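Undergrad: Before I ask anything, let me first share the structure, which is written out below as structure tokens.
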Amino acid sequence: MSFLRPSALYQFLITYQSLRWMPCQSWAFLRWPSVEGILRLLVVALLWAMFAEIRYISSSSMYPTLHVRDRIVVQRASYFIRRPAVNDIVLFRAPSQQLGFREGDILIKRIVARAGDLVEVCGGQLYVNRIARNEEFIAEKPAYITNATYVPRDHVYVLGDNRNNSCDSHIWGPLPSKNIVGKYAMRCYRPSSI
């Protein structure tokens, strides 16, 4: 019996089909990446920087969907391909006519109506085209009333999920679609203290 021969257990592990993926079978994965591999990584990083970014939530206007200090991934290329849809969570430049915002401020809200829709809030309920919307994602029913507002062409109507603590379209009116800079894709980090 030779101690230099592989054991029966080792032979079984190497030949067992479901374990063939194990990296311990080959140490090739420890080699330095090739120039081609580095270029691929660089291209992926550049595409990521062009079409996605990570943002920080600084207010409670989208609570309970998003919490203060959450980190989110934003798709910036989404609306080059398609139009904004109802219930999309979007990031946009603050309307220029609104006092209290600087020119570069970015806000995040949910689209509740698109161009051609009639929006109204009364009795703690949102109505779009005279039909009450069932919104299970809001923190509480709105305590305000708005007049029926027609959303003009190339505009959307945005509201925060925390309706009573959000500066949104119920204050400054429909948002021009050109102000939208990206669409919320996913939350990538939530602090554990929440």
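One is the number of the first residue shown, and numbering goes on along the chain from there.
Cβ atoms are placed via backbone N, Cα and C, with glycine included.
Okay, so TrEMBL annotates it like this:
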ACT_SITE  S61  active site
ACT_SITE  K109  active site
DOMAIN    40-188  domain 'Peptidase S26'
Undergrad: Give me the CA-CA distance between S61 (active site) and K109 (active site), in Å, as a whole number.
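TA: Rounded to a whole number, the Cα-Cα distance is 8 Å.
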Undergrad: For K109 (active site), list the number of other Cβ atoms lying within 10 Å of its Cβ atom.
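TA: By my count, 24.
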Undergrad: Determine how many residues of the domain 'Peptidase S26' (40-188) DSSP places in helix, in strand and in coil.
TA: 26 helix, 56 strand, 67 coil
Undergrad: How many other Cβ atoms are found within 10 Å of the Cβ atom of S61 (active site), counting all protein chains shown?
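TA: S61 (active site): 22 neighbouring Cβ atoms within 10 Å.
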